[in-house]
Each structure stands twice: as structure tokens, then as C-alpha cells.
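Engineer: Structure below; questions to follow.
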């Protein structure tokens, strides 16, 4: 099996198989019936088709730890997955049962949707067919024009199956989930056209989430690579994935990704719209953008980054910046505003856009197109002017029943980070904050996963709900498979550190389980409990490869004579004992003190 996510809302150390969970068919054992390693299990909900996946880590002391899992069916040995078929539509019956949506023909797929001219042959797909060959489907939308969003249901007092699902994942009551969504403090991205997802929630009362970016460009990558990167990212713990493709076959790539993704998929519709006008920002129109949004909503995109806060009056505020406008979406909209000397069409048509998103339950991710791209530009007038507009737009979106989160910076030194979260929470009425890092210094190309991981841990501790990962390739190139893993693991560390600092239920039990395994030299348990078991085992075996080293009471760093934990254990054995023995020893020393005349200091004998 491939290692899956290891964050936990309900990290439990129990004997045997936990109550309420069922193992998959591939549960490993030691030959004597005792489970070892880890396996995919499920927690049963209130209905037969509501089974929440968990990762069960079986310890060598007979206990187990239950961890949050994002890997989907790919790590369930009992499920036969095939990317050409796609995943099973987990939520389909829930959506149909609500009775407020309908199937319809949808818009036809056009050559320009894939960045192709009418006369161009379809090609460049390398190893995958041009059209997704899985089960045929028609798009679904609201039946009567009313919002079919989780926000609308929550406001009506309904606890949907999706809400129950995430409540089990987060180890909280379902009513807590409903209340947070209804108040706009959390979002549950779940397009009615993406029934394959395992529902998750983004909000500061819940586990800090991590997003991984994938996507092709005009110079590199293929559909097959992007599908592989998506499944790879989720197996290492990505809670959502954004497809930021800007090259050929954008529509087709997205279809393959959506049909195979167990997590919500986000996009930036502006990128595809720009491809439809051959990269000329000034030729963009509201009609082209609107059509692109509907195209993506029909496919099943769960959340969309919309740069509606980049307004004409704010563009001059960036003139004195060291690095100007670094957001792709922000620069596109700034160029359009200047070319036409008009207010942004995204801002002008925002209410109409709300109506479209509410029809499919697409969540807004209001983009920070004027985010700082260098430490020198952090927290400037342009950044905060846009933030105030995002606060206004958040209010409008909620009025239309659209779930909304707010995107944040960027490059921010540590002493300026807290101001960002404080202002966002105040201006945006505690809507979930979704930040890229922030990067805390500009001097480390090739190590920006570290510079940003520092800022990510800090801002998540103070309330950011989701972190957008940064890979070692940031500012340098398109990330490959290894870069994706490094980015996800780095940000999972930041997210879990924040969960610990916030006191999230169950967070520390995972750390305690690993600490116990470390102190007791249970090496296999340490590996299996680690965020990255494969690398932990690999590093250990580089210097102590022999199998007996897996049970040795030392590692290669200190060796057998200088291992601090072994010395601590020896002290316990030699000088420890029961409470009664300790108290008897203290009493004996008290008698010796009295017999010596109750003197604190005794003369040194010659």
C-alpha cells in the first residue's frame, strides 16, 4: 500500500479493532492473527452508504492509533481502482434524494475549451485518450433556481449527509459543523457534479487543511502526469487539489482529474478564459468568462478562485512596489482594467456570478490578486485595499447563499503575519482564510517550501483554515512528483503543528503515541506513525540496515553507550520503583537528616 494522510481528529490508542470501524480486506498481520503496520478502515455513519475512511495504525504493543485519511479508495486493498473508469459516485444518492437538482444536456464541449483551434487535430495527450472513457454523465443543476449549497441547507437547520461525514472525520458533533457553515465561518466544498469526493470542511474550528497545486503549462506536463500528481498528492495528505493548467487540453485534463479525485478540486477560471483569447488579456469579456465558469461548474469543480477584488482604482497603488503584481490572475485583471480603463468585469458582474455558483454549489475562493510578492511589499496599501473589497464581496456572496473563503498572502516577514489574520477575520466576518505560506524571507530559492512552511505554521496557529502548499520549485519551475510530495509533507507538518497549538481534539494523542514508541525503541511503530514512514525507515536503514537494528535500544546518532533514552530507562530501572518504595526511601532519608542534627550542611570529613 502507498502511505496515506496521517493527520488525526480522533487519534485513539486502543486494544484491537476500534468500535465503529471496519477494516478493509487487506489488513496486515504477523501470521498469528495480530495486526501490524497500518490499513484502511471505515467508521460507519447513520446510513449504510455513509462510511468515513480512516487510517488504522496497528502498534506492536497491541494498541492502535486512528488517523485522518485523504487518500480515497486508492489505498483500500479491497477496491479495484482504474483511472479510466474513475471513482464511484459516493454522494450521488445523497444529492438525488434532496430532490432540488435536475440533470440537463449542458453546454457542448468546444475545441477552444482545450486551447485548440477549430482546424487543429486533437493531440498531445500521451498515453491517455482525448475523452474520458468512464461512465457517461449529464451535468446537474438547481431545479428551481434556488441555492443548492451546503450553506443554504445549514441555514435551514438541515444536517446533510456531507455534514455528518465531516463531523465524523473531525471528531465533533454534526451540529457544530452545521453551525459553523451557517455562520459563514466554514465551507464544505462539494459541487453537485462532483459526487466522487469524500466530503471535508475548511474552517478555523477544524483541522488545518492543506491544498496542493497541479497543472500543465505550455512547455511541460501531460494529462497522465497531472492525474498521477493528483492521486500522489492525496495519498500524502492533500485535502484539496487545485488544477492550475494553462497549456493545451485544459478541459480534458480537468475531466480526468475530477473523475478520479476523492478530494475537492479548485481552479482559476480566468486562466482557461485567457487561453480562449490566445493570451490577450484585453480581449477578455464577461461573456467568455461566464461561459468558462459554467463549463467548469458542469464538470464538477468544487471551488473557484475569482480575482474580483482587483479593481481599477487599486492598480496605481502597486506602482511603487518592489515586485509589482505577482499574482497571475491579478496581473491579467489589472491589464484588462488598464486596457479598457474600466472597472473589472468580475467586480461589476459579481452578483450574476453568485447566482451561477449557487446553482451548482461551487464555493468562492476570493483571490488575492494584489498579494505581496516580496518582503518589502508586505502589508501595503494595495494589499489591504483589496482585502477590504473581498470583505464586501463575502457579504454579497453569503446573501446569495454561496460558500466563501478568502485567499491571503504571499511574502510576509514574521513580525507582520499576525496583522494579516487579524484584519482578515475582522473585515471578512471570520470567513475561512486560505493562505499561500506566507514566505517569511526572499533569500532561499529551492528552499521556499521551508521559508513558507515557517509562515504557514504561524498563520495557521492564529486562525488560517487552509494552507496552499509551496514546493521547492516555487519561483523556479513546474513541480514534479517528488516536489509535490515534499510540498505536501512540509505543509502537513505546519498544519499539524498549528492543530497542536490550537488544542484541536485528538491532535496531541498522535504525538504522544510516537513519543512512547520512540522512548520504548519500537522502531516499526515509529515508522508507521510518522508523516512519511517510507523516508523515516529509509533514513534509519542507511546506517543500521540489519533487521536486528529494528529492535535495538539505540540508533546510529548516539550509539549504544550515549543514547539518552536508554540511559533514562536504565535510571528508571535502577532507581525507580513503586510510589510506596519511593515514599519509604524518602522517609529513610528524613530519619538520616534528623539523626545528623537537622543540619543542612555537614562538615567534610578529613
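Including glycine, each Cβ sits where the backbone N, Cα and C put it.
Pulled these features from Swiss-Prot for this protein:
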| type | residues | note |
| --- | --- | --- |
| BINDING | 213, 242, 271, 307, 327, 328, 329, 368, 369, 370, 371, 407, 434 | substrate binding site |
| BINDING | 411, 475 | Zn(2+) binding site |
| BINDING | 555, 558, 563 | [4Fe-4S] cluster binding site |
| COMPBIAS | 1-13 | compositional bias 'Polar residues' |
| COMPBIAS | 14-31 | compositional bias 'Low complexity' |
| COMPBIAS | 105-117 | compositional bias 'Basic and acidic residues' |
| REGION | 1-49 | region 'Disordered' |
| REGION | 105-147 | region 'Disordered' |
Engineer: How big is the Cα-to-Cα gap, in Å, between residue 271 (substrate binding site) and residue 411 (Zn(2+) binding site)?
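Structural biologist: Residue 271 (substrate binding site) to residue 411 (Zn(2+) binding site), Cα-Cα distance: 22 Å.
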Engineer: Should anything in the same chain at least six residues away from the compositional bias 'Basic and acidic residues' (105-117) have a Cβ under 8 Å from its Cβ atoms, list it; otherwise answer none.
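Structural biologist: That would be 138-139, 247-252, 272, 275-276, 291, 294-295, 298.
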Engineer: Using only the residues recorded as binding substrate (213, 242, 271, 307, 327, 328, 329, 368, 369, 370, 371, 407, 434), report the maximum Cα-Cα distance in Å, whole number please.
Structural biologist: 20
Engineer: Hey, how far is residue 434 (substrate binding site) from residue 411 (Zn(2+) binding site), Cα to Cα, in Å?
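Structural biologist: Pair distance, Cα basis, whole Å: 14 Å.
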Engineer: To the nearest whole angstrom, state the Cα distance for the pair residue 371 (substrate binding site) and residue 475 (Zn(2+) binding site).
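Structural biologist: Rounded to the nearest whole number, the Cα-Cα distance is 15 Å.
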Engineer: Who sits close to residue 327 (substrate binding site): which same-chain residues at least 6 apart have their Cβ under 8 Å from its Cβ?
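Structural biologist: Long-range Cβ contacts: 307, 367, 368, 369, 370, 371, 373.
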Engineer: In the structure shown, which of the binding-site residues 371, 411, 475 has the fewest Cβ neighbours within 10 Å?
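Structural biologist: Per-residue Cβ counts within 10 Å for the binding-site residues 371, 411, 475 bottom out at 475.
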Engineer: Measure from the CA atom of residue 329 (substrate binding site) to the CA atom of residue 411 (Zn(2+) binding site) and give the result in Å, rounded to a whole number.
Structural biologist: 17
Engineer: Cα-Cα, whole number of Å: residue 475 (Zn(2+) binding site) versus residue 213 (substrate binding site)?
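Structural biologist: Taking the Cα atoms only, residue 475 (Zn(2+) binding site) lies 14 Å from residue 213 (substrate binding site).
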Engineer: Could you find out if DSSP has residue 329 (substrate binding site) as helix, strand or coil?
Structural biologist: helix
